[in-house]
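Participant: Once you've had a glance at the structure underneath, I'll fire off some questions.
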Amino acid sequence: MACARPLISVYSEKGESSGKNVTLPAVFKAPIRPDIVNFVHTNLRKNNRQPYAVSELAGHQTSAESWGTGRAVARIPRVRGGGTHRSGQGAFGNMCRGGRMFAPTKTWRRWHRRVNTTQKRYAICSALAASALPALVMSKGHRIEEVPELPLVVEDKVEGYKKTKEAVLLLKKLKAWNDIKKVYASQRMRAGKGKMRNRRRIQRRGPCIIYNEDNGIIKAFRNIPGITLLNVSKLNILKLAPGGHVGRFCIWTESAFRKLDELYGTWRKAASLKSNYNLPMHKMINTDLSRILKSPEIQRALRAPRKKIHRRVLKKNPLKNLRIMLKLNPYAKTMRRNTILRQARNHKLRVDKAAAAAAALQAKSDEKAAVAGKKPVVGKKGKKAAVGVKKQKKPLVGKKAAATKKPAPEKKPAEKKPTTEEKKPAA
């Protein structure tokens, strides 16, 4: 497949090049704006909607009145009467069973949307330009791998076809039948309630046949699934960009292809079939930004780059980070050193003072021991021995001694052992 520029080959009904060429219309070089296409498609699609609404009486066809307050139930209106489950049930409210919906739909909603004519034409130009790019057409899902050329133009003889078998043979010769087979394979049942509303089956989109005059071409192609037929004078954005996505596979007749310049004009000449209409211009003629920015005209107007780089320094707390503190206050190192030395000096003084006090205490204890006539105890062992000596208790005198004195145990009289003579029984 080729994307031909600026001449397009015209293909015969046998699928071969007829030898004729057509100049590529300027509309195929128009800017592709998917945002505009999507906006126009969304708004125009709303014009096919049929108004719908719920009945104005729905949910209100019962007699109900609120019970008021003081009954320990909600104040919603309740059905009158008795003898049935319905009596006493809530009514009217959107939270009630059998009540009306919230904000009942009305038929006087603003169903339709008006779109500017120039904007609609811009969308059609974008859709036509996208249909000539193989990448966009293939991304849409069309099977055009074997198609000889894009845009695909055929002879005007095709407009005179009246039989479907002729149309099928043409599509097979043009290698476009793969796209129809894709449609056949995609036919399936719709999911959801559309099945109940005469929309049971769905399928993919196939090629779009664009013609100039209907000499039977509609009857020949209309029964092939997925085919869409359009008159070149009545192009529709809903058909050229289904779903609001550009890239529809289009097959043109020669006369319809030649008529595009008259319909949409070029950038040098206005459209002859539309009043005061010119093709939309590109925002940028050259889209190679690197080439534009490096051009001498742009570089001459630019200032020289600033080589100095200002790096953001991470803010650190000088009270926790000594290196940052020394940057801010170099004397902090001296202060810190003096503090450490002062603490060491004070610690040494406390240790010396404690040692002197211990020596004085030891000397005092030695003097007392010498006065008592005891050998002075020296060292830790002596201290432990001195500590370990038990104090002798003073003897108790008087009533306390009598109370605390234990009674002496009574001695049993000693039994005499019998002698041998006593042991002998009497004769």
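Cβ atoms here come from the backbone N, Cα and C positions, even for glycine.
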Participant: Labelled phosphoserine in Swiss-Prot - which residue from SER139, SER186, SER365 would that be?
Facilitator: SER365
Participant: Annotation SUMO2 cross-link in Swiss-Prot: match it to one of LYS219, LYS239, LYS400, please.
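Facilitator: Per Swiss-Prot, SUMO2 cross-link applies to LYS239.
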Participant: Quickly, which of THR69, THR228, THR266 does Swiss-Prot have down as phosphothreonine? Just give the residue.
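Facilitator: With Swiss-Prot as the source, phosphothreonine is noted for THR266.
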Participant: Scan LYS320, LYS364, LYS390 for the residue that Swiss-Prot records as SUMO1 cross-link.
Facilitator: LYS364
Participant: Tell me which residue from LYS333, LYS348, LYS384, LYS393 Swiss-Prot records as N6-acetyllysine.
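Facilitator: In Swiss-Prot, LYS333 carries the N6-acetyllysine label; others show none in the record.
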Participant: Which residue, chosen from LYS14, LYS46, LYS416, is annotated N6-acetyllysine in Swiss-Prot?
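Facilitator: Swiss-Prot records N6-acetyllysine at LYS14.
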Participant: What residue among LYS106, LYS140, LYS165 has an entry for N6-acetyllysine in Swiss-Prot?
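Facilitator: Per Swiss-Prot, the residue annotated as N6-acetyllysine is LYS106.
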Participant: May I ask which residues of the same chain, at least 6 positions away in sequence, place their Cβ under 8 angstroms from the Cβ of LYS333 (N6-acetyllysine)?
Facilitator: LEU326
Participant: Checking the contact step here: among the recorded positions LYS14, LYS239, LYS259, LYS353, LYS364, SER365, which have a Cα within 10 Å of the Cα of SER290 (phosphoserine)?
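Facilitator: Matched recorded positions: none.
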Participant: Say you check the Cα of LYS327 (SUMO2 cross-link) against those of the modified residues LYS14, LYS106, THR266; which is nearest?
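Facilitator: Nearest candidate: THR266.
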Participant: Just how many other Cβ atoms lie inside 10 Å of the Cβ on LYS106 (N6-acetyllysine)?
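Facilitator: 11, counting other Cβ atoms within 10 Å of LYS106 (N6-acetyllysine).
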Participant: Taking every protein chain in this structure into account, which of the recorded positions LYS239, LYS353, LYS364 has the most other Cβ atoms within 10 Å of its Cβ?
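Facilitator: It comes out as LYS239.
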Participant: Check the Cα-Cα distances from LYS106 (N6-acetyllysine) to the modified residues LYS14, LYS259, SER295, LYS364 and tell me which is shortest.
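Facilitator: The answer is LYS259.
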Participant: Cα-Cα, whole number of Å: LYS364 (N6-acetyllysine) versus LYS239 (SUMO2 cross-link)?
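Facilitator: About 120 Å separate the Cα atoms of these two residues.
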